[in-house]
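Student: One structure is given below, represented as structure tokens, and several questions about it will come after.
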Amino acid sequence: PRPSHFSPGDEDFQENHERQKHKGKRRNGDRPKNKRENQRRKRSSNSEPETSEESEDEEEVNNDGEVRPELLSPEELEKLKEAVDEKKKLIQSLRGKPWPMKQKLVTLRESQLFVEKYEGALGKGKGRKLYAYKVMMTKKWKKFQRDFENFKTACIPWEMKIKEIESHFGSSVASYFIFLRWMYGINMILFGLTFGLVMVPEALMGRPYGSIPRKTVPRAEEAGAMDFAVLWDFGGYAQYSVLFYGYYNNQRAIGWFKFRMPLSYFLVGVGTVAYSYMVVIRTMARNANESGVGDDNSFNFSWKMFTSWDYLIGNPETADNKFASITTSFKEAILEEQESRKDDNIHLTRFLRVLANFLVLCCLAGSGYLIYFVVRRSQKFALDGLENHTWWERNEVNMVMSLLGMFCPMLFDVISALENYHPRVALQWQLGRIFALFLGNLYTFIIALMDAINLKRKEEKVVKYNITMWEASLYNGTGSENSTAPPVTIHPADVPRGPCWETMVGQEFVRLIISDTMTTYITLLIGDFLRAVLVRFLNHCWCWDLEAGFPSYSEFDVSGNVLGLIFNQGMIWMGAFYAPCLPALNLLRLHVSMYLQCWAVMCCNVPQERVFKASGSNNFYMAMLLVILFLSTLPAIYTIVTIPPSFDCGPFSGKNRMFDVIQETLESDFPAWFSKVFSYASNPGLVLPFILLMVLAIYYLQSTSKSYREANVELKNKLQMVTQRLDNFVFLTSYGSDFILNA
């Protein structure tokens, strides 16, 4: 039986084609083409009859699979083209047909065979080669597009891992890993800039180690420069390397390439921050556009019921993940519907929320006082000499900040149970509280660094005076009037040097990143893995149910992990100018975190009891990242603009301010008119009106987008009203007469 899409025109065309084919077969079989063909037939007539019958069958098979367009009339060729086009359209629209799957598969095979069989006939004969060429190129282009899309999907890192996590734990947990992957891409660019334009040129074209004092370990530190404890604190040979600011020379051009090292260092530091601003704002704008498309609330359960399954899945593991994903999405939708219809005691809810906020403020105040107390102790230790104190006293500030960042979010999570918010709103409140905690800790740390910088600058003045006296005594002791002795050569390790406060700042940020990373991984192994092992293997012999009661399996802390990522990135932006190795360390940390946390989530964690749908745009994460980016660049800009650089270390030594390298480059490498134009363009009288104009333009665009958004909402409401009226009209016209007759 033919499928329901088979048209009578196709049947007539095939019957006419069969008649023309058999006529052509008889004509070609009866008429010999030349004398050689006649002789061949005479010789073959004397052979055995079985062989002749087999050859005739083979010729008939070959003739059946071949279409002779020269035997078709123009009308039949037009019908053939129309039939091929109809089959192509049917193949494209077959997925939307309300047919059973078996009928769709049969129709698809028949249509594809029809197109492959008869489409080639249109390209044979005179004047039809161009059509065949177009058809062939169209097929190849579609295949290339399909393969390229598959290639792009395959190139997305960790896509299958994130899909698997989303299918079991919901979109809220998957949003963290998507955010982590996005941060990994940002740090790849930052690492490429610092590594390719700062670290590699200095290592290859700059002066080697031991050539000048800033690139040599002092004589007093050589004995322990390779000790593990020293290297773990990034001292010794690690301090006098391309990892930190103080190693770089202030030579204006280095190597045969005449690479402008100070200019490159400054522009890379500014460019990384500018690129980060651009990417964050661009991502927020794209997410806002994507979140404003479509209406997810209309017929939500119907869409999920009838359109969730993917019929192209052929892998059992993928099918299991898809089943778990559909189940989780239904849980999310049911929770959304329940939260929208919830009606609680408003007075009790308000009291509990006020109490929760009071407890959170007490925790924040206690955390701030503890950090202030520890910072004051660390300043006393610094005045006494850190080598006279234990490892804990030397690293007390970093460890206290890491421990507060580990335990305070757990306390906030317990307090948030009093508020009875929607899970998404509760997550945002949790993120805001941890944000305030981390921000207070970070700026307390910065204040401590500013005090340490002031101490280093005071020490630098004393060292500068002592170096001047040392040089004078050295000259007076060796340079008398009648002396002909050769000049005294002093090894760079024996030359006195001043304290490099930039390297000290970079070391503090590197230590903070390392200590925070180690704390995170230890917490993951102890708090998740060992807890899961304890619950799994001791549950059958314990006094109570460990899975249902205490300690149970842990849930994945989305808010704490997101804030940890954001503030680590803030420390990278803040300290990368003084430690070019920070983007590389953060890249390694993110790479390890992706695999370790994916393993911990799938093996040690359980889905949340209240699975909720995360925001489709994740702009809340991006907004916090933008705030941290702004707050992280303020201290770096302050130190660059106001504090003079050290006199004997770094690429800007010998200058009054770090940004003087721009003016020096304009005066030396550009014509005079260009530097004059740049000075006019940087005049505050032009910069301030330009900034004011930008603010006004942003306000105008925001007001316009707000009006468009309101107009879209109004049009959507009108469309819903029209649709409801049409449904009522159809219902009344269909069943109104029956109601009247029954009445």
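Residue numbers in this text run from 1 along the chain shown.
Glycine residues also receive a Cβ, built from the backbone N, Cα and C atoms like all the rest.
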Student: Write down the single range among 262-281, 562-581 that appears in TrEMBL as transmembrane segment.
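Tutor: The range carrying the transmembrane segment annotation in TrEMBL is 262-281.
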Student: Flag the pair the transmembrane segment (620-641) / the transmembrane segment (396-418) as in contact if three or more Cβ pairs fall under 8 Å (sequence separation 6 or more).
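Tutor: Taking Cβ pairs at least 6 residues apart, the transmembrane segment (396-418) and the transmembrane segment (620-641) are not in contact, as fewer than 3 fall under 8 Å.
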Student: Would you mind listing the long-range same-chain contacts of the transmembrane segment (430-450), meaning Cβ under 8 Å and 6+ residues beyond its ends?
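Tutor: Answer is 360, 363-364, 367-368, 371-372, 375, 378-379, 397, 401, 404-405, 408-409, 412-413, 416, 505, 508, 512, 559-560, 562-563, 566-567, 570-571, 574, 620, 624, 627-628, 631, 635.
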Student: For the domain 'TMC' (500-615), how many residues does DSSP put in helix, in strand and in coil?
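Tutor: Breakdown, helix to coil: 82 helix, 4 strand, 30 coil.
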